[in-house]
Structure formats: structure tokens, C-alpha cells
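Database features (TrEMBL):
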COMPBIAS  72-83  compositional bias 'Polar residues'
DOMAIN    6-390  domain 'Novel STAND NTPase 1'
DOMAIN    715-865  domain 'WDR19 first beta-propeller'
REGION    49-85  region 'Disordered'
REPEAT    533-574  repeat 'WD'
REPEAT    575-616  repeat 'WD'
REPEAT    617-658  repeat 'WD'
REPEAT    659-700  repeat 'WD'
REPEAT    701-742  repeat 'WD'
REPEAT    743-784  repeat 'WD'
REPEAT    785-826  repeat 'WD'
REPEAT    827-861  repeat 'WD'
TRANSMEM  441-464  transmembrane segment
Amino acid sequence: MVKRLRDAGNWHIVDFRPGSRPLFNLATALVDQQEYCFDRAYLEKAGERLAGSRGEKEQGSGKRSYPVGNRPQGNSQKESQITEPVLSRTERLREIRNLASDLEQYENGLRDVVDDILKLDPSQRLLLVADQFEELYTLCRDTGERQTFLDRLLEAIYNCRNFTFVITLRADFLGQALSYRPFADALQYADLKLGPMTDEELQAAVEKPAALLGVTIEEGLVERILSTISVEPGNLPLLEFALTQLWAKQQDAQLTRAVYKEIGGVEAALACYADQAYNQLNFEEKERAQRIFIQLVHPGEGAEDTRRVATRAEVGEENWDLVTRLANARLVVTGRDEKTGLDTVEVVHEALIRSWGQLHQWMQQDRDFRHWQEQLRVAMRTWESSGNDEGALLRGKPLVDAEYWERQRFLELSPVERSFIGLSVELRDREQKQQERRRRLTFSGLAAGLVLALGLAGLAGIGWGNAEISQINALTQSSDGFLSSNNGRKAVESSVKAAIKMRGKFWVDANTRTQVKLALLNTVHNVAAPNTLGGHANWVNGISFSPDGKMLASVSNDSTVKLWDTSTSKEIKTLTGHTNAVNGISFSPDGKMLASVSNDSTVKLWDTSTGKEIKTLTGHANAVNGITFSPDGKMLASASNDSTVKLWDTSTGKEIKTLTGHTNAVNGITFSPDGKMLASASADSTVKLWDTSTGKEIKTLTGHANWVFGISFSPDGKMLATAGVDKTVKLWDAITGKEIKTLTEHTNWVNGISFSPDGKILATASNDSTVKLWDTSTGKEIKTLTGHTNAVNGISFSPDGKMLASASADSTVKLWDTSTGKEIKTLTGHTNWVFGISFSPDGKMLATAGVDKTVKLWRLDFDYLLNEGCNFMREYYKTNPPDNESDKHLCDGVGNKK
């Protein structure tokens with residue numbers, strides 16, 4: 001249609017796709033129509049008229065002017081002045097931004113531009129074409145911008161003559177388009193619904209373009225191709241894949257069956273295309289792609305695997321952005337279930353399952369998991385059809401299997417599936433408790449006598465002090481039990497009683513003191529004074545305390561950085577400006593500056609006192625993964641997927657040097673304690689040492705067999721530790737670059753490494769669900785810390801080195817005693833993977849963050865926790881009298897009453 005209108009000669013045509021920034025993309029399309037551009041005088045005149053109509057003031061010489069190009073040629077002298085494009089790249093970008101701003105601010109912004117185009121030649125009509133209009137709903141997350149965009153279009157449609165607006169929209173998004181009433185009114189009686197093409201139409205779509213180009217098609221070839229693709233949702237992309245491969249092999253303007261056989265037919269063409277699309281993804285996206293695609297295949301049992309329609313929840317909400325990209329690449333087809341209203345996705349064609357080697361490999365690896373998951377879904381449907389009868393929940397071995405797979409593949413289970421398993425576990429635990437209660441009642445007489453005898457013997461045999469400790473421990477254990485059973489009020493009460501009973505008792509041992517303190521921490525932060533810092537709209541990728549501990553910074557996939565006041569837990573400022581996920585942050589040593597890095601390929605510097613952006617550092621050609629200040633704060637280093645490290649002058653924001661040599665993404669960087677050396681870890685399996693004064697490479701450390709993630713200097717700078725995908729940790733002499741020792745006890749990727757403050761211990765965290773402690777002087781393992789049930793993503797030593805905190809994909813945080821290797825406490829509250837973990841500089845706070853979009857601030861200060869616990873109990877007792885009258889005065893003399 002567009003081609004015919006363009007050939008007709010009386011249509012001016014502008015086409016674009018909404019994308020994630022519809023106003024900006026519309027402005028770009030309008031500015032970029034410069035096949036014929038207007039002279040500068042015309043542009044300035046147009047700008048003056050626009051500015052004058054809005055009461056704008058001129059700033060310098062920058063009058064607003066909009067190149068609305070593609071003007072048809074004519075015979076007048078005026079038209080003969082139309083020459084080469086008059087805008088440089090910088091001017092073009094400025095004009096786009098100016099126009100996008102006007103489109104946003106002014107109701108008649110688009111109408112003015114349309115009028116300018118049409119006034120040039122009244123005989124012309126303007127056609128604005130928005131292709132793949134569903135992007136407005138899949139990619140644009142800002143509902144305000146979405147509505148403004150639609151309002152500007154509607155204003156122009158209703159008020160401009162000779163203006164036509166056409167959109168192409170997938171039918172499964174029609175409901176979303178109709179959800180905005182003004183736009184729904186405009187669509188009434190104006191849409192043309194296109195169903196699947198018939199065999200005759202498909203045949204014509206192949207034969208007619210070939211005939212126009214003088215290409216002959218061997219008899220029977222078209223029928224053979226069409227019989228292969230069949231009538232499926234993805235038949236058009238599949239046909240295109242095959243014809244593209246076939247066209248590339250055509251000889252003497254002929255398409256033959258022999259060539260079709262040579263390329264392997266439709267399925268081989270699709271597999272080839274799938275490989276190309278997959279190889280364009282980065283490492284993390286490839287991992288997510290695997291999770292998506294295995295949900296789109298029903299594993300055959302003694303038969304072939306078949307296509308499966310998965311819901312948005314089943315592939316993971318956090319993966320839907322990648323699903324959208326895969327749909328745009330035509331590897332999957334998205335839709336909506338008419339009965340449930342749920343978004344769905346399926347492979348573009350059954351042939352992809354048969355022919356794509358990568359998908360076949362994934363299914364072989366994950367077949368056991370997918371078989372089990374399909375069995376789980378059958379059990380869930382049975383339970384739902386029974387009206388959620390408890391009798392249909394999982395029991396026995398099926399429940400044991402479910403608990404195992406939930407630990408192993410937590411992220412690949414939908415919330416509904418996890419809830420079903422959780423309900424089954426709750427039922428089992430409840431039945432076990434009831435069974436145990438019945439058993440105790442059976443022997444109640446004997447038990448009562450035995451308890452009395454033991455009680456008398458204990459009182460006679462132990463001192464009064466030990467009895468006090470026993471009571472404190474009992475209260476602590478009761479607090480943990482109440483919290484586990486969701487009785488928050490009783491949990492707080494028990495932990496407060498234990499803390500008050502312990503106060504002033506010098507004979508209470510250190511272990512008991514720690515247990516009381518941490519029981520209080522868990523109950524206060526989960527019940528009395530919630531410690532959740534909310535506000536991010538996507539995963540929180542990282543957190544960092546300022547050097548004085550008064551501020552906490554967090555970064556997220558939602559493209560923002562947030563600053564928090566640690567004394568009040570309130571948000572200070574949201575720092576916006578990045579246009580993609582923010583991957584990392586670093587405070588300058590004096591705390592006055594914050595640096596952030598993003599998938600948008602930029603580094604940003606921020607003033608922490610005002611929250612204002614100081615400078616954007618550009619130069620990287622791909623996502624920036626790591627950022628760190630030098631110890632003296634004068635230099636900043638950034639690491640990128642473009643295989644480079646850049647050094648920047650923090651006083652000017654200017655690039656000092658680009659460090660090249662890596663051949664794949666640089667995943668991590670760290671300065672030596674004296675700042676004279678920088679170490680970088682890469683996906684090319686190497687580590688490089690650089691001289692920061694010259695930017696020259698000192699040495700390349702080889703030995704890892706795969707991606708290197710973790711990298712850390714010892715506190716004295718003499719040793720460097722590295723770790724990664726090959727399951728090993730390597731210790732290097734930082735001066736000579738020689739390998740000291742390879743630590744090989746982990747059985748899966750090593751995600752994180754950290755030296756203790758005194759440098760005597762190295763802690764490592766792995767996907768094998770463990771943390772290991774190593775003696776750095778000998779390289780020998782000290783202890784394996786077990787208890788997590790999924791990958792351990794991060795670790796952090798307390799400033800005094802006595803405690804280690806670990807963050808896991810099992811949604812928990814664990815605290816460990818570094819002297820004994822024993823678990824001190826498990827902190828619960830996160831509802832999904834925990835990534836970030838960091839102690840404050842004074843050790844009184846621990847911050848954690850992750851996939852549940854939250855940051856949690858755990859306060860380890862005993863007096864603060866007891867005060868908050870008492871405030872909670874005082875408020876509760878105001879309306880709920882305590883069982884014991886003495887409990888009314890439980891917190892007398894504790895803290896400040898609210």
C-alpha cells in the first residue's frame with residue numbers, strides 16, 4: 001500500500017515504529033525525512049513562527065526550526081533552492097530533542113508540524129505510518145508518555161486536513177489499544193482486520209514478486225514449500241526464512257528444487273536463522289533464552305517433543321522483555337489466551353523444535369526437570385478442579401521431589417507453582433505437628449513425671465546464672481518458632497523479653513548474646529519496624545554505602561539510581577538519566593561523588609549532596625559492567641562488554657586512557673590498595689594487570705578455562721584472587737603475576753570472592769549453594785559453610801572480620817561466625833533471589849537487595865533494635881492487654897516512647 005501511494009506522487013509518507021520512546025521516535029522520523037531538505041532560511045522562518053506562537057524566547061542564535069523534508073520537487077524558483085541536507089549530526093540530534101520536547105509539552109505540537117508539511121504543496125497529502133504499533137504497549141513502560149503520544153496523534157487527526165494516520169497492530173493487542181477511550185473511539189469503523197493468508201494468497205506472495213523481477217520458479221517448488229510450513233501462527237516468518245536462503249542460492253534467475261534441497265528446506269533455514277539470532281545475545285540473555293525456550297516445549301515420553309503454549313508467568317515476568325525481542329526477531333509468537341486473558345508465547349513453528357540444535361541440546365539437559373514440571377502442572381490442575389481441596393496437595397515422594405526441584409530451579413517455577421508447593425509443605429508440617437502432639441498426649445503422664453524429675457535435678461545441679469541463660473535461650477528459640485509460624489507479635493514479644501532479661505547480666509556468654517541480638521534483629525525488621533526500602537520498579541542489581549555510612553545507594557534494571565538516608569531509611573533522591581539497566585555504582589573515597597554504569601554504554605557522575613548529575617562519560621561501545629574509584633579518588637576505572645577498560649580523570653570527567661587487550665567482555669575491575677595497579681577480569685578467560693600511571697599492560701594472567709567474574713586484591717596488595725565459571729579460585733602473586741595456588745573444591749561457578757579485613761581468610765561463594773573459607777597463607781580450605789539451598793550470589797565480611805554475610809538465590813541471607821564457620825542466623829524477608837550484600841563501614845548495618853525489587857537495611861545495633869521492639873509492644877498493649885499484668889511494664893526504662 002505504501003509503495004503504491006508513494007508511486008502515485010501526491011503523498012508525502014513518514015513511517016516509524018513507536019519503540020520504548022514513542023515521542024522521541026516520532027520526532028526522529030519527522031526530522032529524518034530529508035531526501036529533499038529545506039534551506040536554512042526556510043527552517044529559521046518556520047522556527048520563528050513556532051516559537052512565536054508559543055511565546056518562546058530565543059536563546060543565543062538557536063531559533064527552533066524543524067526539517068520536515070521529503071518535499072516533492074517542483075518547478076518554482078523557491079523549490080529550486082532545496083539542496084543537500086543542511087543539518088549536521090549534532091544539529092540533527094538537537095532538532096530531534098527539541099521537537100520531541102514540543103510534542104510532549106504542547107497539545108498542537110504535532111498539528112503544527114503536519115501543517116508545515118502540507119502548506120508547502122496543498123496538492124499533497126500526508127500519510128503517517130506507525131508500524132508494529134504493539135511496541136507502544138510492550139516497550140513503552142511510561143503510561144504518561146503513552147497517553148500523551150496518543151493525544152498528540154488524535155489532536156492532529158481531528159484537526160488537520162489531508163492527513164492520514166495508519167497503524168499496524170497485532171490482533172492480540174487490540175484490547176490494550178481499546179483500553180484508552182479517546183483512542184478506542186477513533187478506531188471505531190476504521191480498522192481492517194487481516195486473518196491468516198490462504199494457500200492461494202501465500203502462493204501469490206511467492207510467485208508475483210519473483211515474476212516482477214524476471215525470476216522463474218521450478219514447477220512444484222512453491223507447493224512443496226507451502227506444504228511444509230502448513231497453517232500455523234508462524235508460517236509467514238518461516239516462509240520468509242526459506243525464501244531468503246533460497247534467493248541467496250538462485251542461479252541464472254531460477255529458483256529450483258535442487259537448491260531447495262541443498263539448503264535443507266524450511267527447517268534448516270529456520271535453524272540457521274535461530275543460531276544467528278541467538279548468537280547476537282549477550283551471556284546473561286542467552287541464559288534467560290534457555291529458560292524461556294524450554295518452557296515452550298512439551299517433553300515427549302517415548303515420542304517427539306512438541307510445541308507448548310506458555311503463559312507470561314511460566315516463562316518469568318522478568319524474562320518478558322526478552323520474549324518481546326525474540327518475538328520481534330520472529331523466533332516466538334506472543335498472544336493472549338481468550339479464556340483467561342493471560343499473555344502467552346509459543347515457538348514460531350514446530351519445525352524449530354525439530355531442527356534447532358541448540359534447543360534440542362537444552363531439552364536433553366533439562367529433560368528431567370521439564371518432565372517433573374509437567375507432572376507438577378497436572379497435579380496443580382487436579383487440585384484446582386477439586387476446589388483446592390487439601391487432599392489433592394502433594395504428599396510423600398512427589399512432595400520431596402518438588403522441594404528438591406524448587407531448590408534447584410527456583411526462578412524457573414512460576415509464583416503459582418511455588419505457592420502450590422508451599423501449601424503442600426505447610427500441610428505436611430501441620431500434619432506432622434498434629435501427629436507429634438497426639439504422640440505426646442499418649443505419654444503425657446510419664447512425660448510430666450520425667451520433666452518434673454529433670455527439673456528438680458537441674459535446679460539442684462546448676463547455678464542460678466546458668467538457669468537465667470537457659471531461660472534467655474528458651475525465649476530466643478520461641479521467638480524463632482513464632483516467626484516461622486507467622487505469629488509476628490509473639491515473636492517480637494519473646495525476643496524483647498530475652499533481650500531485657502539479658503541486659504546487665506555480665507555472665508551471659510558471647511554466643512547467647514549474639515543469638516539474642518539476631519533474634520531481635522529478625523523480629524524487629526520483619527514485624528515491628530519493617531526494613532524494606534521500596535521504590536524500584538525492577539531488579540536491584542547493586543548497593544553501596546557511602547564512606548561515612550550515612551547514605552546508601554542502590555541501582556536497578558529500572559534505569560535508576562536511588563539514594564537513601566540510613567538513619568531514617570527514607571529515600572533522599574532518585575537519580576534519573578540512564579536509559580537502560582544500571583549495573584553498578586561506586587562512591588568516591590570522600591563520599592562527595594557517586595559513579596554509576598549502565599547497559600546504555602555510559603558512565604555518570606553524580607553530586608551526592610544535591611543528587612544532580614555532574615557529567616556523563618561516553619566512549620564505551622557496549623554495556624558498562626564495572627566501576628571503581630582509585631584509593632585517592634583522582635581516577636575512575638570502568639569495564640565494558642566492548643572488551644575495554646577506561647580510565648577517567650574525576651576532576652574533569654575526561655578520558656585518560658583506554659586499556660585494550662581483552663578479546664571479550666570485561667566483567668570486573670579493582671585497584672590495588674596503593675592505587676598503582678589495576679586488575680581486570682574478562683570473559684576471555686584472562687586477568688590483566690595494568691600500570692595506572694601509564695595505562696600500559698604489566699602482565700596477562702592465564703590459567704582459567706572460562707569466564708572470570710570475581711577479582712579482589714588482598715588488603716596488603718601482595719595477593720590477587722580471581723574466580724569464575726570454571727569452578728576454580730586462583731591466588732596470584734600481585735607483584736610477579738605468578739600463580740600461587742588453584743583452589744578447586746567448588747562444584748559449580750564461583751560468583752564472588754572476598755578477603756577478610758586482616759587478609760588471613762578468603763571467602764568464596766558459588767552456584768553449588770556453598771560458601772568456603774580458605775587460609776590464604778596455605779591455600780587450604782578451612783571450612784565449607786552449608787545451609788543455603790540455591791546459588792550463593794554474594795558475600796561480605798563485617799569490618800571487624802568476625803562475621804560473614806552471604807546472599808542467596810534461595811531468598812535468604814545468612815550470617816556466619818568466621819572463627820568457627822558456624823551459622824549464626826538466617827535472615828528472612830526477601831521473596832526472591834538476593835544479589836547485593838554489604839556491611840556498613842561501622843558494622844552496625846547490613847544492606848541486601850535483589851530480584852524482588854527491594855533493598856533491606858538490617859540494623860545490628862542492639863539498643864536501636866530493643867527500642868523499636870519495645871515501641872511495638874507498647875502500642876500493641878494499648879489495645880490488647882497482656883496475659884500477665886507484669887508484661888505491661890516489660891519495657892519500662894527502655895528507649896524513648898513514641
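The backbone N, Cα and C atoms fix where each Cβ goes, and this holds for glycine too.
TrEMBL labels come from automatic prediction, so no person has curated them.
Listed by sequence, the residues of this chain that lie at least six past the ends of the repeat 'WD' (701-742) yet keep a Cβ under 8 A from its Cβ atoms are 283, 664, 667-674, 677, 679-683, 685-689, 748-755, 757-759, 762, 764, 766, 774, 776, 779. Only residues 6 or more beyond the boundaries of the repeat 'WD' (533-574), in the same chain, are considered here, and those with a CB under 8 A from a CB of the stretch are 141, 318, 580-587, 589-591, 594, 596, 598, 600, 606, 608, 611, 835-842, 844-845, 847-851, 853-857. Using DSSP to sort the residues of the repeat 'WD' (701-742) gives these counts of helix, strand and coil: 0 helix, 22 strand, 20 coil. Listed as Cβ neighbours of the repeat 'WD' (617-658) (distance under 8 Å, sequence separation of 6 or more from its ends, same chain) are residues 282, 580, 583-590, 593, 595-605, 664-671, 673-675, 678, 680, 682, 684, 690, 692, 695. Secondary structure of the repeat 'WD' (659-700) per DSSP, as helix, strand and coil residue counts: 0 helix, 22 strand, 20 coil. For the repeat 'WD' (743-784), the model's average pLDDT works out to 94.
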